[in-house]
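Worksheet for the structure shown next.
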């Protein structure tokens, strides 16, 4: 995309905002129903389910600064220069969305659910860390950034609605006592997230490499320390 085309249009705002369907919706659904699903249909105890969530939470403490460090320096690679240091990870996350319905497969082992949930957390972080930096990458205009973040907030409300409506529809047809509506909810929302990521990737951009060299972090601990400064 050339400089003269890099204007924040309505489709740009819509596409950027739709990325928050992942940030708000996916976690809302799993937060509301995954514990119930694990303990009702997967044969896990409450303790086992809690262990899964706890491990993922502690892992996230490492993943967030690590992902920030990687994306800050990814322009130094050929892939980063070609696809963008932020947007590359949004691109490769598109096929990774298949992990979301796999969370909702019943009758598997503890290690299956632990593995799939950790993978989901990794993919989620891989999306959200670059996603949250895009307004700064896309424009220096404060007002335009406000439009983007406003669209993000609006889609957060849409995501909350979908997180309640989609399971509700499937519960109506299949009953909450069946594992089917949970898997269909995961599959449906995965399709929504894939669509959102495609729109986001093709309607976003980044600043030229020369403008961001001085902003890179020079070590993992520097990226970690940025969380607290």
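Just so you know, the numbers here start at 1 and follow the chain as drawn.
Heads up, the Cβ atoms here are built off N, Cα and C, so glycines get one too.
TrEMBL annotations: computationally assigned, not manually curated.
Copied over from TrEMBL:
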- 21-39: transmembrane segment (TRANSMEM)
- 45-67: transmembrane segment (TRANSMEM)
- 88-105: transmembrane segment (TRANSMEM)
- 111-134: transmembrane segment (TRANSMEM)
- 154-173: transmembrane segment (TRANSMEM)
- 179-202: transmembrane segment (TRANSMEM)
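Contact counts against the transmembrane segment (111-134), taken as Cβ pairs under 8 Å, peak for 88-105 among the stretches 21-39, 88-105, 154-173. Residues of the same chain lying 6 or more positions beyond the ends of the transmembrane segment (21-39) and with a Cβ under 8 Å from any Cβ of it are 45-46, 48-49, 52-53, 100, 103-104, 106, 113, 117, 120, 124, 127-128, 131, 155-156, 158-160, 162-164, 166-167, 179, 182, 185-186, 189, 192-193, 196-197.
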